[in-house]
Structure formats: structure tokens, C-alpha cells
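Asker: There's a structure below that I have some questions on.
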Amino acid sequence: MEIILANPRGFCAGVDRAIEIVDRAIEVFGAPIYVRHEVVHNRYVVDGLRERGAVFVEELSEVPENSTVIFSAHGVSKQIQEEARERGLQVFDATCPLVTKVHIEVHQHASEGREIVFIGHAGHPEVEGTMGQYDNPAGGIYLVESPEDVEMLQVKNPDNLAYVTQTTLSIDDTGAVVEALKMRFPKILGPRKDDICYATQNRQDAVKKLAAQCDTILVVGSPNSSNSNRLREIADKLGRKAFLIDNAAQLTRDMVAGAQRIGVTAGASAPEILVQQVIAQLKEWGGRTATETQGIEEKVVFSLPKELRRLNA
């Protein structure tokens, strides 16, 4: 049984930054530090930060007065930002800069009077935050997930539309929705550069390469991680047995029964330690020393909020 590792895999620059913001805030201000929503969608990471003194909440009403609060990597709505400001809470924003880029696109289109079609998954915190950035009462922002949604879509002005996308979607699926939008609304504007983030694209390209070499794919990631789910779906669509597992404890012999080549990758919010634990388990079951595929070397680094850098200098 051969083990092949995807490259790149695991943490992206936005996740690294978000986790470091929480770590630094705890170091500087001491526990408790409040975090609105899970800072990243990974159980291992969240549990580790909770042990250090992070308190995860879903509503700002759960945050006591005079507290420090961190917004998660997924971003928040304008309403949440304003509520924190009105209450005088000390806020550190761990929103991924690539999500912030989409927020800026939404602001620009709204200020220029356009309505927006947002390609994303209902209920995901990034979607809720981005849709909550639209503030033109004369227009609207509409969520679609599929070409079928586009067919049913009703907007106020079909000639004055733009679209943006959730950063963690499948590139292939997004492309089909964009094509449907352009067919239905020929004048629709899109972003100058694709909203799908570099790390999402790189990991999807890597899992496709992995699927070409392996008969079974294991994706390390939590079930609420959008980009991890997309990796599993891509491998599945390519005809491979594909499983999403949080950690080695969820790995079963049935998953790898009869496999000659097992590919292992990890979502952008999954730490490498979990990948190594999965590899160790596979080796116990007879797997050979893992080899890595060649892939893009990621050198992207996002800086911390200047206030936190200054406080921690």
C-alpha cells in the first residue's frame, strides 16, 4: 500500500494569520479573548485555542463589556462591525485579506448602484458576512449556488448587475454558474481577478493530480470546512473513493481496504500534525513511506493587524 501526499496541502496564509491573531491577543491581553465564530473551521485548532483561553461565541451579545473580540477568518457583516464599534469593544479583525477583497468589491458595486449576484453556499459564515456588506437600499444582493438557481433568479435591473463568489468554492462548479450568469445577463460584470483564493485553487489542482495517481483519497479536514468538502467532492467526481476525516481516529480499515495507492491531502484549515497522524496510522496498517507530489510552493504571507503588531513589538 503506497502513500502519496498532495502538495500543497493544509494551512494557507489566511488561516496562519487568523490563528496567530488569536495567539497574540491571548499573549498580550491574557484570557479570556472572545472570538466571534470559530476562527477557522477545524476542531483541533479551535480546541487548542480554547484551552489557551479563547472563548468562541456566535453573537456579540455574549461578549462582556470592555472585552477584546476577534472576528473570524470568514468575515462579518457591516451590522456586526457597527455593533462592536457602538459597544466600544476592542476588535481585532482576523478576516482573511482575500475575503476582505470581496467585501471591497461589494462596497464598490453597491456605491455605483449595481445589484450583486453572490455565488456561494447558504449558511456559510463567509456568505453571511459578505452579503451583509451590501448597503444600497435601492438594490439587492442575491445568493445562487447552481446554474438552476440562476435560471430562477429575479433581479430589479438585469442590465446593471455584477457577481462575486465565495473564496472557498470548487473552481469547476463556480465556472458553470458564471457561464449561466453570462448567458442570462450578458451585461453582468465580474471581478478583475477570480475571487476563488489562490490556496483553494492550488489545493484543488493538487487533489486532481493526486486522483490521477491514486485509487483512494483521504482529505483531512473538519466537516464544516467548505474547502475541505470541495476537495473530497473533486476526488469523488474523478471516480476515486474519497473520504473526509477530522483526524486519524476517524480513519477505518474499510476506507482503505484493497487500496494500492492512497492519496492524502488536507484542507486549508487543517494542521500538518493531523496529516502526519493519519500517515502513521496507515503505516501501522502496512503503508509504505509516504512520498510527496510536486506542486506550487506557496510564499504568501499576510501581516497581522498593525495594532497587534505594535502591542506585541
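Cβ coordinates are placed from backbone N, Cα and C, and glycine is handled just like the others.
According to Swiss-Prot, the feature [4Fe-4S] cluster binding site maps to C12, C96, C197, an assignment based on sequence analysis. Among the features that Swiss-Prot reports, (2E)-4-hydroxy-3-methylbut-2-enyl diphosphate binding site is placed at H41, H74, H124, T167, S225, S226, N227, S269. Residues or ranges marked as isopentenyl diphosphate binding site by Swiss-Prot on the basis of sequence analysis: H41, H74, H124, S225, S226, N227, S269. According to Swiss-Prot, the feature dimethylallyl diphosphate binding site maps to H41, H74, H124, S225, S226, N227, S269. Annotation comment: Swiss-Prot describes E126 as active site, proton donor, evidence class sequence analysis.
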Asker: Relative to the Cα of T167 ((2E)-4-hydroxy-3-methylbut-2-enyl diphosphate binding site), which of the recorded positions C12, C96, E126, C197 has the closest Cα?
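Answerer: The smallest Cα gap between T167 ((2E)-4-hydroxy-3-methylbut-2-enyl diphosphate binding site) and any of the recorded positions is with C197.
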Asker: Please report how many Å separate the Cα atom of C12 ([4Fe-4S] cluster binding site) from that of S269 ((2E)-4-hydroxy-3-methylbut-2-enyl diphosphate binding site), as a whole number.
Answerer: 7
Asker: Other than H41, H74, H124, S225, S226, N227, S269, which residues of the same chain sit close to dimethylallyl diphosphate? List them in sequence order, counting a residue when its Cβ is within 8 Å of the Cβ centroid of the site.
Answerer: V40, E126, T168, N224, S228, G267, A268
Asker: Check each residue in the chain of S269 ((2E)-4-hydroxy-3-methylbut-2-enyl diphosphate binding site) that is at least six apart in sequence and keep those whose C-beta is under 8 Å from its C-beta; list them in sequence order.
Answerer: F11, V15, V40, H41, N42, V45, G221, S222, S225, N227, S228
Asker: Of H41, H74, H124, the binding-site residues given in the record, which has the fewest other CB atoms within 10 A of its CB?
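Answerer: Each of the binding-site residues H41, H74, H124 was scored; lowest Cβ tally within 10 Å is H124.
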Asker: For isopentenyl diphosphate, with binders H41, H74, H124, S225, S226, N227, S269, what's the maximum Cα separation in whole Å?
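Answerer: Output for isopentenyl diphosphate binders H41, H74, H124, S225, S226, N227, S269: max Cα distance 15 Å.
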Asker: H74 ((2E)-4-hydroxy-3-methylbut-2-enyl diphosphate binding site): which of the recorded positions C96, E126, C197 is the nearest Cα neighbour?
Answerer: E126
Asker: How many other Cβ atoms sit within 10 Å of the Cβ of S226 ((2E)-4-hydroxy-3-methylbut-2-enyl diphosphate binding site)?
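Answerer: A 10 Å sphere around the Cβ of S226 ((2E)-4-hydroxy-3-methylbut-2-enyl diphosphate binding site) contains 24 other Cβ atoms.
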Asker: Rounded to the nearest Å, what's the C-alpha distance separating C96 ([4Fe-4S] cluster binding site) and the residue listed as 'active site, proton donor'? Just drop the number here, would you?
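Answerer: That comes out at 10 Å between the alpha carbons.
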Asker: Within its own chain, what residues at least 6 apart in sequence put their Cβ under 8 Å from the Cβ of the residue listed as 'active site, proton donor', listed in sequence order?
Answerer: H74, G75, V99, G120, Q166, T167, T168, S226
Asker: Hey, how far is C197 ([4Fe-4S] cluster binding site) from H124 ((2E)-4-hydroxy-3-methylbut-2-enyl diphosphate binding site), Cα to Cα, in Å?
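Answerer: Cα to Cα, C197 ([4Fe-4S] cluster binding site) and H124 ((2E)-4-hydroxy-3-methylbut-2-enyl diphosphate binding site) are separated by 16 Å.
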Asker: Within the same chain, and leaving aside C12, C96, C197, name every residue whose CB is within 8 angstroms of the centroid of the CB atoms belonging to the recorded [4Fe-4S] cluster site, in sequence order.
Answerer: A13, G14, V15, A73, P97, L98, V99, T167, T168, Y198, A199, T200, A268
